[in-house]
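Worksheet: the structure to be examined is printed underneath.
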Amino acid sequence: MTEQKKTTIGITGMTCAACANRIEKNLNKLDDVEANVNVTTEKATISYNPESTSADDLTKTIEKTGYGVLNETAELDVIGMTCAACSNRIEKVLNRTDGVDQATVNLTTENATISYNPSATSVDALIKKIQKIGYDAQPKKEVAEKSSQKELELRSKLVKLIISAVLAAPLLLTMLVHLFGIQIPSIFMNPWFQFILATPVQFIIGWQFYVGAYKNLRNGSANMDVLVALGTSAAYFYSLYEMVKWLFNANVMPHLYFETSAVLITLILFGKYLETRAKTQTTNALSELLNLQAKEARVLRDNKEQMIPLNDVVEGDYLIIKPGEKIPVDGKIIKGKTSIDESMLTGESMPVEKVQDDNVIGSTMNKNGSITVKATKVGKDTALASIIKVVEEAQGSKAPIQRLADVISGYFVPIVVGIAVLTFIIWIAFVQQGQFEPALVAAIAVLVIACPCALGLATPTSIMVGTGKAAENGILFKGGEHIERTHQIDTVVLDKTGTITNGKPVVTDFDGDEEALQLLASAEKGSEHPLADAIVNYAQTMNIKLLDTTDFEAVPGRGIKANISGKNLIVGNRQFMNDENVDIKDSEDIMTQFEKSGKTAMLIAINQEYRGMVAVADTVKDSTATAIKQLHDLNIKVVMLTGDNERTAQAIANEVGIDTIIAQVLPEEKAAKIKSLQTQDKTIAMVGDGVNDAPALVQADIGIAIGTGTEVAIEAADVTILGGDLLLIPKAIKASKATIRNIRQNLFWAFGYNVAGIPIAALGLLAPWIAGAAMALSSVSVVTNALRLKRMKL
């Protein structure tokens, strides 16, 4: 009898003991299963017989009951992939593995991202699965470490290329004889000389192609290595056969193809070297983000200052940062004041004043004051680390546009081998009957011109460069699907407060004398209302001395009453003044004017006498009007969503040029309003910054979070714009359009190259070495085209 297996599964969605009991009951109905579900720990402890019940059965039972299984994500560096057929093969094997929810393998980044159930499989088991099909894998390395590894790989490829080129160059001269009849020294035509030069290229330099081909064929698949190994081996061994015949009849000089095999391998190595070199440039955005980090920190330990590596800083450490130094980690100022350049995060060039208890962000620059900071977030929890993580995930993700290329790549190599065999048969049977050499040359040309690499690189390289360029501009796409969908947007919905406006009310107008302002600010200083803060701040900038208040009373929906230094103050709306019998007829015109401008106007009366008026408004961001104009230039409709009344909303809409307003919307109604717009066949982007925007961000086709907003909004969004600059919204759409256009160009070239190249080779119109050169350069051209995105202007 099989021994019972024990596992623990994390469960999401449980709210009470009844949930746990329901899951437990359904699990225990399975054969040979004993389950215990704990609602507090949100875990199920299960003993089961793997012969009668699989780990997947357990997961499906929990999900059918209406709850979720908590998966973990593994990120692996995959070693040994050469083309799209490799990445597709690994992806298929991983997705068929028990316990794996979803796996994606990216040829460009050479990464695998796997969502899996830890109760059913493990990272070690996943690595073994990859190794079993002929590749290698390891837990993902840090960007800096991987970058240095890539440099070593590039150097190794260059050495191989140089050796191969030195050996193949003399053989290339023999082509001049075949093509143009040019006379060269007889040594170059000697079969032994050609054999000695071609053999190390074929079996030492080119051994990697044999290893790759063997591993793939052993596992029932085929990749680029199979095509190269078949094509070059056919040329090499046919030449060897002709050479052996020559040994027995030295009077007849054989027609050898040693130069074909050696030059083909050299050209393919050259293409792979250029491709690797270009691919390293696609990760520059990540390297540049990493370079923003401080390398070390000045920490206060045992009452002594000491410099330590950044990685040694722990939460709770006290850091001393001097003028001109980078803030090492996220933290809170506990001593000192300064101004900080946060442009790397917000794009705002003006330094921000910081005082005690203010938060600071790691990697920003301290400008002019010494400060002591308590570390609150270190390592992978810092703001910059989060940004790097988002960019990495986006660069490693797949866009839906890639699906067709993935499907074709899976069948590509077997089809090409079939076409090569068919070409050989047609040539030897019909085109040049009984002539072996022309048939072989045409078949070799078909094998070596076909390039699955270009298909595999077409989308991910563009995604990598596009998301990297966007990140440099403060735009974070969370994945390839989001960068693809963003270019389809035709309507942008903007939340008003904190998105269109600064989110902080200020006094815009004051009509009254100094005493009225003094009493007004004195009464408001104890209030927590945002409008009160605006009034107090205004009075302080005017150097008004605040007085003590007695008998303060807030009247809901009306205003406030207070007694200050024996004077009775009344502040509020028209109705309040009428209730208190204050004559306000002189204020009507100016108050109406303020309200039409979207401002909140408050009347001031002292001892029953009207003394003035204050207008407070949440001011519009400087960039809002320009951003909306740019969206209109892109033929995108702009809608404002706000809880304000119609008149206030319309005033702001008129100021910034917004097409449509949806006013008096409660926070919980925002998602429903987005859904209503979607029923009109609109592709909606919702832009917001607050907790109450999160449901609407999720409902929208694309949710865009303002980076200065709450973590909840940022988590719910598909795109994050760092800082509060709305100009980044049209830039995000432009980046998406440029990236998708670039992907389409790459796919057109990759498909077009193979569709045109294979028939031309089959017709015998291409020499194998020319076909090989075309194949080598096709993938390089795709990567080079993607690199053009680095120069796109947003």
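Cβ atoms here come from the backbone N, Cα and C positions, even for glycine.
Copied over from Swiss-Prot, here are the features:
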type	residues	note
DOMAIN	5-70	domain 'HMA 1'
BINDING	Cys16, Cys19	Cu(+) 1 binding site
DOMAIN	72-138	domain 'HMA 2'
BINDING	Cys83, Cys86	Cu(+) 2 binding site
TRANSMEM	162-182	transmembrane segment
TRANSMEM	187-207	transmembrane segment
TRANSMEM	224-244	transmembrane segment
TRANSMEM	250-270	transmembrane segment
TRANSMEM	411-431	transmembrane segment
TRANSMEM	438-458	transmembrane segment
ACT_SITE	Asp495	active site, 4-aspartylphosphate intermediate
BINDING	Asp689, Asp693	Mg(2+) binding site
TRANSMEM	747-766	transmembrane segment
TRANSMEM	770-789	transmembrane segment
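Overlay of Swiss-Prot feature records on the structure.
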residue	record	CB count, 10 Å
Cys16	Cu(+) 1 binding site	8
Cys19	Cu(+) 1 binding site	18
Cys83	Cu(+) 2 binding site	26
Cys86	Cu(+) 2 binding site	29
Asp495	active site, 4-aspartylphosphate intermediate	28
Asp689	Mg(2+) binding site	24
Asp693	Mg(2+) binding site	30
Contact between the transmembrane segment (224-244) and the transmembrane segment (411-431) (3 or more Cβ pairs under 8 Å, separation 6+): yes
Region pair the transmembrane segment (438-458) / the transmembrane segment (187-207), three or more CB pairs under 8 Å: no
Long-range Cβ neighbours of the transmembrane segment (411-431) (under 8 Å; 6 or more residues past either end): 84-85, 222-224, 226-227, 230, 438-440, 442-444, 446-447, 450, 452, 455, 754, 758, 761-762, 764
Best-contacting stretch, by C-beta pairs under 8 Å, relative to the transmembrane segment (187-207) and drawn from 250-270, 747-766, 770-789: 250-270
Model confidence over the domain 'HMA 2' (72-138) (mean pLDDT, whole number): 88
Tertiary contacts of the transmembrane segment (747-766) (same chain, 6+ residues out, Cβ under 8 Å): 401, 404-405, 408, 412, 416, 419, 423, 427, 431, 438, 441-442, 445-446, 449-451, 454-455, 457-459, 774-775, 778, 781-782, 785
Those binding-site residues of Cys16, Cys19, Cys83, Cys86 having Cα within 10 angstroms of Asp689 (Mg(2+) binding site): none
Rounded distance in angstrom between the Cα atoms of Asp693 (Mg(2+) binding site) and Cys83 (Cu(+) 2 binding site): 43
Secondary structure content of the domain 'HMA 2' (72-138), with strand meaning DSSP E or B: 22 helix, 24 strand, 21 coil
Assigned conformation of Cys16 (Cu(+) 1 binding site) - DSSP reduced to three states: coil
Local backbone state of Asp689 (Mg(2+) binding site), from DSSP in three classes: coil
